[in-house]
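S.K.: The structure under discussion is supplied below as structure tokens; questions concerning it will follow.
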Amino acid sequence: MAAIVDHEFPIHGLLPKRETGAAAFLAKYPEYDGRGVTIAILDTGVDPGAPGLQHTSDGRPKIVDIIDTTGSGDVDVSTVVEPKDGEIAGLSGRTLKIPASWENPTGRYHIGVKNMYELFPKQLRDRTQKEKKEKTWDPPHRVALAEATRKLDEFDTAHPNPTAQDEKLQREDLQAQVDILTSQEKKYSDPGPVCDCLVWHDGNTWRAVLDTSESGDLESCTVLASYREHQQYATFSQLDMFNYSVNIYDEGKVLNICANGGAHGTHVACIAAGNFPDDPERNGVAPGAQIVAIKIGDSRLSTMETGSALIRAMIAVIDQKCDLVNFSYGEAAHWPDKGRVCDVISEAVNKHRVIFVSSAGNNGPALTTVGTPGGTTSSIIGVGAFVSPEMMTAEYSLREKLPSNQYTWSSRGPTIDGALGVSISAPGGAIASVPNWTLRGSQLMNGTSMSSPNACGGIALVLSALKATGVAYTPYTVKTALENTAQKVEGVEVFAQGHGVLQVEKAFDHLRQHADSAERNVRFSVAVNGGRGVHLRQALSQRKPTEMTVSIEPVYAEDIDANEKIALSIHVSLVSEVPWVHVPPCLELMNTPRTFVIKVDPRGLREGAHYTEVLGYDISNPHKGPLFRVPVTVVRPETVQDKVQYKVTSEKEVTFKPGQVHRRFIDVPLGATWAEFTIQSLSPETVGRFILHMVQLQPLSAYRTHESYKFFNLTELGEVSYTCPVLEGVTVEVCLARWWASLGEVNVNYSVTFHGLQPSITTLNLHAADGITRVDVKSPLKHEDVQPSIKLEHGVCPLRPSEFKIRPLGDRDVLPPNRPSYELVLTYNYHQTKTCEVTPHCPTLCDLLYESDYDSQLWMLFDSNKQLMGSGDAYPHQYNFKLEKGDYTIKFQIRHETKDLLEKLKDLTFLVQYKLPNALSLDVYPSKSNALLGKAKFGTQRCGIGVTAPMFITSLPDDKVPKAASPGHYLVGQISYAKAEPGKKTGKHKKKTDMATYPVHYVISAPPSKPKNGGKDKDKKDEKDPQEEFNEALRDFKIQWMSKLDSKAIYEELKELHPNHLPLHVGRLQALDNDKERLKQLDDIITAADAVIGQVDTAELASFLALKADTRSDAATIKVEMEKKKAALIDAVCRKGSAAADRILQALEGDAVGSTEMVKDLALVKETFEELLKWAEPMDMKVVSFTMKHAMVSSQYGRAIRAAQKILDDKPNKENERKCIELYRKVGWDHVARHSERWLPVRYPQSYTLF
């Protein structure tokens, strides 16, 4: 057996370095391994304790600094205290013991508190919660539940049919205990470790400590300084292995806890620069490079990047004088190469000579899917993801060795404004180190997130060599060298690989050979008719040759000598390698913009995508490659020839090998609104994994705006169909790709069929007051079945700010040179009427991040106790969460360096979208007459070619309008017009429908007014004379003021005049019961309650409530009066019983236990509770407080807890929470009490979370 084992493992394929020539370069130049180069890793954060990230190859600290620029790790430590007897009361409620060994000359400590679950990555949080539940919750809880169940069973055995009220209450108490414990088990959620934070100055520097013991034992905790000073970090516990460091800002008022929000950043850092002295085969690409780890993935947003984090990160990059940046993040932007974030990045590159390397995106295989900033920003080196045969074997364990290829998901160029998009490619997968909290040493990850650090590490090798040999360079000479020396991968299109796979040594040689060229300190900005290249995609633009003006502008850095600028003179040869692009032969370049005209004639090109470049060579040295490139992309769409079915077919079977991409570009027929794609396998033995990617491009819209992406398995001889909406007259790319690792060949046929139903109104804005709205629908292409359907699924509540503040930000937000930033914080108040899912967002700014003209946007939503419930930024669809009924505050931060731009937004509208319990439908009728009379609705109608089908949409009935919706709110949903075939899956056939839909906004109007007095006119004989009305108004006014003045004097005065006026006695009772000195007036409260009870004829009230129907003419008036009496009676009974119960509770705390008075009070409470049961349910919100006290004095703590929990649910505050904790201890559930106490600092923070 041993003889057939292959002892040679392809370890070089785990973290690929051979493909880029990095391994050969290091073998040739071992000291040029990244030494002298600092790489900033902008990511989720880097674990300083992860394998390979401790030291460089020459013994220096690997991680120079760790910075969290998101703000998610910030702790407000502005509260300053001094110890008493060596102790401090922490904000968590714990007592903190100050070690005698600590040096603090001032004696003052800044304190704060942090819930560490806010920083724990989700995977770690879930694991920790599970472990804590199993170790600290489950054992005592199981015992408590078993004991409660046993007691209930024993009672039921002894009392099979309890009839006495005491027995019923006793059983109810036991059942409540079982129910509560069962509920606690289901609702269990660990609040996480809540750490007190201390910051102080030891005379030399600021120090900080986290109470990771969670017991106040600070002696056992690690004292840290800002990481940059001593490269210190700590581990939260050996259980979680979660490493963190700190930074201290604003003179000790802000503590930042730096911890990685995910495994991504550590993996990226190890690819770029990991160093394993004892196992060098595991090294990253540049083991000698140092790292500045910058966390830009906000833990509040599941590690989503924010504009403010990125701008802060670039400030730190410049401050730390980093040579390189790796950025393995990105989003789809609506327009390329513009926006505040992109401007700041470009400024760092152009002015501070930072080389910025970024992932191109993982959104392929369709064209024009590169992400921002990596694929769309000129100053950045965008990297695509390539996979080699060695990687396939070592990382993915493929059975077959396939040829080198681009990963299927790697984003493709060009950009919508004509740039190539992908600069170079690098290996896009690696098995590398991950954070210690994962409890694994390494992990396989793939993506352009991995190709970017691989390329970045390779560039670090080049820079290390350049620095060691004294060769000058700029970001643009490096980028040019990389592109001019990259190695093309055979069979991979230029849109995917860019200029090819990075070649380290060739790039170094290129830079060394051409270091003294005239253009070494200049970059050439290329502009073509407002874009950065030529990109012709629509059929209309290709009917004749197009002439375009190209501008080439030399741009120097600010520190370049004027004489060098004057001396710039280059004779340029302009070259076009294809006959369909015509260019002038030459261009003279000097330090001024120069233009020339090119002509693109696409008429002779076959259908499909074509790419070329207009190249500008220095005639004196053409071997160094082009000085500049003008990218030219022409996409030739085909016209649909079938004018009956409007179907495009594959004509002949298509063979798909692993990773093969097949593209069709189709000019969507006028009138088409959706397309149906069908694919059929012709292979009887092979299953294929495929991606169908359809994209249409529109100006100033991201590719995802009109994108359909389907990942599916095509079974042997199987068939799959999908539909997706399309835009008429706009070229659609139909990209069908075989998954890169799907082995074997698959033969297929496919077709694309276009359909169309065109509504006269594309965005339907309805107002409830409109009554009936007409929409006309036409079928321009062929006969179609029309079956309109309107679904309203969400309501929207618009909010205006209640407060705004603009202030300058601190040192972390000062752009060089000395440009402070400002923040605008808007405050909104929101009331949630019932529990549901909400999506807060700001429509003015949302969906914009890199391309936004503002630095950033970030909102945080808090409950009435200042607990953070959720956060969100530019992309609202990512942040949905459930809110309970209650009042909420939204804080919305917008940042910019220009204060005036923030002033313009001080009245900005904010929206809260809430999900309706059930989708609402609007009725559609075939005629206005039917709509008016509510006759037959619109069913299914066959619509002929060019025929108009009118339809009439009615308003939502008043009884269907959601109660949460008030005037100014609106409902949102969609309308579809086509008859949708239900998705089906039968045998080998799968079909999924995604028809064309259009947005609907339905504005709520004022509800109908309710008639007063049951709609009846007031009888004249009931009218009062003015004097009588005045006397009654004066009486009622005095009653209102009883709670604020001497209520007894006013009461006695009014009692003389109105002895039988019920509201007077009610007012007196409420004034006494709400008084601050209530506990000293319990006897008076009972007396006042008896006075109220005495005013109510309970027999008359009971008789009225027993009536099935009241036929009297003034029945409505009588009903109102009786309801008032019932409410007053219930209120008085509860207040009386509560006062008597409080006397008992006071006695239990003193020496009066068992006294005659206490016995009488027990009887009074029992009697009062029995009286209450005649009129109200004991768990009704109005009476539940008395129910709780009755249970407490009866030692029935299960009933008491159930009531206390209901009070807490209605009014969540610390006082009500502590009452529950007190009752948990009374019943012996200490583990539940401890659990609830741990939640207190989380649910009731002293201040709002910092931005």
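Cβ coordinates are placed from backbone N, Cα and C, and glycine is handled just like the others.
Annotations for this protein, taken from TrEMBL, read as follows:
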{"type": "DOMAIN", "residues": "34-500", "note": "domain 'Peptidase S8/S53'"}
{"type": "ACT_SITE", "residues": "Asp43", "note": "active site, charge relay system"}
{"type": "ACT_SITE", "residues": "His264", "note": "active site, charge relay system"}
{"type": "ACT_SITE", "residues": "Ser449", "note": "active site, charge relay system"}
{"type": "DOMAIN", "residues": "522-635", "note": "domain 'Tripeptidyl-peptidase II first Ig-like'"}
{"type": "DOMAIN", "residues": "656-744", "note": "domain 'Tripeptidyl-peptidase II galactose-binding'"}
{"type": "DOMAIN", "residues": "779-965", "note": "domain 'Tripeptidyl peptidase II second Ig-like'"}
{"type": "REGION", "residues": "1002-1029", "note": "region 'Disordered'"}
{"type": "COMPBIAS", "residues": "1014-1024", "note": "compositional bias 'Basic and acidic residues'"}
{"type": "DOMAIN", "residues": "1018-1078", "note": "domain 'Tripeptidyl peptidase II C-terminal'"}
S.K.: With every protein chain in view, what's the tally of Cβ atoms within 10 Å of the Cβ of His264 (active site, charge relay system), excluding that atom itself?
M.R.: 24
S.K.: Just the number: how many Å between the Cα atoms of Ser449 (active site, charge relay system) and Asp43 (active site, charge relay system)?
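M.R.: A Cα-Cα distance of 10 Å.
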S.K.: Which residues, sitting 6 or more apart from Asp43 (active site, charge relay system) on the same chain, put a CB under 8 Å from its CB?
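M.R.: In sequence order, His264, Gly265, Val268, Ala269, Ala293, Ile294, Lys295, Ile296, Gly297, Asn326, Phe327, Ser328, Tyr329 meet the Cβ cut-off.
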S.K.: Can you work out the mean pLDDT of the predicted model over the domain 'Tripeptidyl peptidase II C-terminal' (1018-1078)?
M.R.: 82
S.K.: Among all the protein chains here, how many other CB atoms are within 10 A of the CB of Ser449 (active site, charge relay system)?
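M.R.: Excluding its own Cβ, the number within 10 Å is 26.
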S.K.: Please work out the helix, strand and coil residue numbers for the domain 'Tripeptidyl-peptidase II first Ig-like' (522-635) from the DSSP assignment.
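M.R.: Within the domain 'Tripeptidyl-peptidase II first Ig-like' (522-635) the tally stands at 13 helix, 61 strand, 40 coil.
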S.K.: If you run through the domain 'Tripeptidyl peptidase II C-terminal' (1018-1078) with DSSP, how many residues end up as helix, strand and coil?
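M.R.: The counts are 45 helix, 0 strand, 16 coil.
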